[in-house]
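Participant: Please read through the structure below; I'll follow up with questions.
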């Protein structure tokens, strides 16, 4: 059984049972006070711990945002740009989340900590004060009563009457105090039920709203995550291709380092030890210098540098060379020495020492010495011993191979990635290019499996004396892949393809059309356009000089090949209308509003138990204005989680009953006004943020959705996400409305509803 009620009539009797009841009530209030004090202390610890967590996460976000990846080369691919920006994007997501956490902590202080502390101090404190007053009146009354009863009956009547009146006054004060104390005890016992629980309700509502904000951020992040995963996968695939090329080049250089020593036709570089003569008796010393000899000007630049001294650079000295002769060991007891005759120093002969015999011959040849060395001409064909030519036999082999692959193995997993046995591949290729390929129908022959045919086709293209896209146009093909916009890239590559020799363009068309067919079956063969770009980038185009810098451009080769595959019909179907200039800035549509970068801190909704305006809304009378406001206010985030579902269609309004609670707090609290929508029992109670000032007054009702009816496209647009619409100039949109995304509209085009950049259209 709970506490016994305190009857006012018992205050006059002041029985032992009444006193026991009062003690029970007092004990309950003491327990409540201790509970609130302990809860307040734990709440403070929770807030402090959360603040420390928030500070740590903000520091982590700051560290992410400040770091930037460096890249090798002079440009980045689109995928690399997205990856470089990802750390800033992660930082933005994390800061946004922590801003919401800070707001939650402030709201918890206002809605939980302060109300509990106020109840403890004001109400429980007043009960304690009333208790002291009651005990004091009790002591005074019963002391005066005992004193009265102990008075002698022989006292004079006026004295007795005066004593009686004094005791009676004290009795009245005591009874009044008793009545007020009893009333106060019962009032507080009843008040604590809601004074303690309502702040807890506000606390949990604030916490759940924070988690809901996190859920909304997670939905936005999911869209970004999927796009970034594609960027990462493309970059990883290109890395694998680049790494294999780098290792192959390193292997060839290890086998014949001198063949790859000369990297520039106009200068020669390397270390030489220079003899510096000193006055007697000090003799001479040999100083290591990094030397660069400019052949045309016959100038030798010498820079002092020693790796053992921490890599500090010394001064650079330049001399003009007249002649160079080999110095024999008869005159100097050191090997690999040269005497260089110079014209611009008092000392006319400079003695230098190479680091090896091969290095000695290298410098002799570079400086025009008497022992010239003959370099072996390097061939750029990756495979030796195969005489592949771009003639009728070769073109016939390409057609034969493509027909066989599309007939027998278009759906084979890993097509072109899975390689055949090297000996079989070379045997097939030699057979096909040495004899008439029409005599063997690879589509009907079971002697050669598909992976052998695909490998032979790649080997043929790699073994041509010059790649299909030619050395001459290599750099021109790379330029648009590095710097141009997607539209101008296609235009530039379109023009460059038609600069190729006719046979090259014919074979390139055959190959890229075939690769487009392969990519169309990527669900079965797993070979997407990006994967095919990695495989055929270095096969269809490559630089004349094999260097690490050139290999770093493999990723741009892949992009060019991807464009050739994706835009095959346009590029090879018609001749280009004009030759674009990448230097000129093309007329382009205005920049679209970035949904990713437009995130703002949305208000954190708070349930305030002090002001309640509860309205039950039936489905038939549900206000469209209220629903529109709930979907039009909040964050400026990804439409995938807000204004449309995965198919780009706006989500339907809920058919459940709503109980709308309008709440408000003074501006000084820093807590925004909010509207809480409780769905039916199957839905979690979540608070949906609305604009401040829209709740509670008739004139500030949520606005109806503004319908603009029709709009016309003035710029072409290609959708970047499923929720957006792609369109050309002149497209007409129906049922156009303002979107919750700043800078965007929603409309219907060809039966599909989606997002439209506001500055790409004009309203009709």
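Using N, Cα and C of the backbone, Cβ positions are placed for all residues, glycine too.
Feature table excerpt (TrEMBL):
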type	residues	note
COMPBIAS	575-591	compositional bias 'Low complexity'
COMPBIAS	630-649	compositional bias 'Low complexity'
DOMAIN	265-372	domain 'PH'
DOMAIN	388-572	domain 'Rho-GAP'
DOMAIN	706-764	domain 'SH3'
REGION	575-602	region 'Disordered'
REGION	615-666	region 'Disordered'
Participant: In the domain 'PH' (265-372), how many residues does DSSP assign to helix, to strand and to coil?
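Facilitator: DSSP composition of the domain 'PH' (265-372): 13 helix, 55 strand, 40 coil.
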Participant: I'm checking region-level scores; what's the whole-number mean pLDDT for the domain 'SH3' (706-764)?
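Facilitator: Overall, the domain 'SH3' (706-764) comes to a mean pLDDT of 84.
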Participant: What counts of helix, strand and coil residues does DSSP assign across the domain 'SH3' (706-764)?
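Facilitator: So the domain 'SH3' (706-764) is made up of 3 helix, 32 strand, 24 coil.
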